[in-house]
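These notes are about the structure you will find just below.
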């Protein structure tokens, strides 16, 4: 089994990252390099979280071997027996041979750091660039990242000059490497505590509120009102951008040097706008540089960037509106079915997507009623209590993990109790649940936060390339300090436990933080205590109240603005519901009409086709006659000419003068 667990987790984590990326990204429309870079960043971060428990169990076994080798012992098969006390060091089932984990962690860590600090920022600027060629996009990306990269180079250069001038410092390459790692982890830990404090409170509270049907329905109405405003704004913005594109398309003709750039912009526009602009174009007119002023390539690149952004935003709001409607209709159905006497779940609208027959067989209307109306609220309440218990343990351990005598961190107590009996399965499960819960609290906050329209992860393939790359950057910067924080909570980090024991392979590649004592003994220990303040602020919704005061409408039960938006959203949902009901009624009437009169319509249609064939054959024989002089079109034009002659005004030649306008002449008709 050596290495088998590592291989299985590597494959499993890859498909997990691929599944999540498929949910948020769009493999068909987005660039392949964006998909590959984001997938690699997510994959490496998830891989660190899943592999770290195996590193802990392997380290505990290696410590046992070192303790045995330092005293008289005898070897027996897969375990080592300590002679005096007959202690046995069983090899864990997931044991990883020596030398594999250090190489593995080194490759994973430095690849993720290269992605987050160099490649992904460059690809962000490349993806948002409106250039029309690869060279133009690369040039724009380099210019935008010049300040970003220049700042880090300036700080690093100043630090090197200070070290070279000061005779008290005698740093080697390994120490410089450790300082760089410590700086990156310090930045990540600063952001980690902020996100962790929010997730520790919001995740249990969201599951507890998920059991309240009325609360969810009111919040859905609130979201509907806000989303309708955003949807209308996106449509208006798209119309304005398309109007600018139309003007540019009409001014730049087919033989203009920048026409290729205009064609590239038109390909990014929606289909209906492309057809509308194509009908109004006159490509046979040449351009004249002296008479008209044409936009420059730089302004076209800016317009191209605006088109990509506006089209993506418009498409995202349309999809989110449909999803929100389905959610609102579903919650209203649940509220109606709670008082059902038949105990069968009845949907107002049938599902538009075909359901799986296996799911239909097991998930019957009766089972659905019991789950949605009875079991699901209690399941969410129990889950919320369990998650809240985990949150309390995390907060307590974050405030007390620096204490080694006595050991106050509950996670360290659990691991040390299991280490005495060498129960590796329990050790790995405890480590996995701990780091998995920490990761859920941090990563879910990354998926939830929204920085205006600058960064937003939207499900159902509606996330743009910039947000995907930005999420990859955040994951790569948050995961290493998250793992170090986990090792500190469990006292597996020698810097925290103050024991001269073998470190884990993960901490060995980080180097000794004693090079920077003020960070190792100060910031890393006392800064995580701020998670208590952040949890209190999140519990009382201080951030939500501040945003509401600044004019950003947030869902608050005691706010008058929230009540108005709920009423507005309820009316919008009611209007969309009536509209869909009329559509379904029309489809049902057409279906009934077709079933009732389908055969009669088919016979009538066949007779009409037979008559048309006779008329067409008769017309063909008449057109083939050589004596026919007039066609139908000629006869029509002749009649039009006669009508125009009859409508002409008569002129009075006996008048003194002839006016141009017959209505102004003195003589009448």
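Note: Cβ is positioned from N, Cα and C throughout, glycine not excepted.
Feature annotation (TrEMBL): of 403-422, 503-522, 523-542, the stretch labelled transmembrane segment is 523-542. Taking TrEMBL as the reference, the stretch among 322-345, 346-369, 466-489, 562-585 described by the feature transmembrane segment is residues 466-489. In TrEMBL, the annotation transmembrane segment applies to 103-126, one of the ranges 79-102, 103-126, 223-246. Which of 249-270, 271-292, 293-314, 425-446 counts as transmembrane segment depends on TrEMBL, and there it is 425-446. As stated in TrEMBL, the feature transmembrane segment covers range 378-396 out of the listed 378-396, 587-605. Summed and averaged per residue, pLDDT over the coiled coil (224-251) gives 93. Cβ atoms under 8 Å from those of the transmembrane segment (33-52) belong to residues 6, 9-10, 12-14, 16-18, 20-21, 25, 27, 104, 108-109, 111-112, 115-116, 119-120, 123, 127, 431-432, 435-436, 439, 465, 468-469, 471-473, 475-476, 478-480, 482-483, 486-487, 506 of the same chain, restricted to positions at least 6 beyond its ends.
Outside the transmembrane segment (177-201), and at least 6 residues removed from its termini, the chain residues within Cβ reach (under 8 Å) are 113, 117, 159, 171, 391, 394-395, 438, 440-442, 444-446, 474, 477-482, 484-485, 510-513, 515-516, 519, 523-524, 527-528, 530-531, 533-535, 537-539.
Simply put, out of 103-126, 146-165, 425-446, 466-489, 466-489 has the most Cβ pairs sitting under 8 Å from the transmembrane segment (523-542). As a quick check, the transmembrane segment (378-396) and the transmembrane segment (146-165) miss the bar of 3 or more Cβ pairs under 8 A, pairs 6 or more apart, so the two do not touch.
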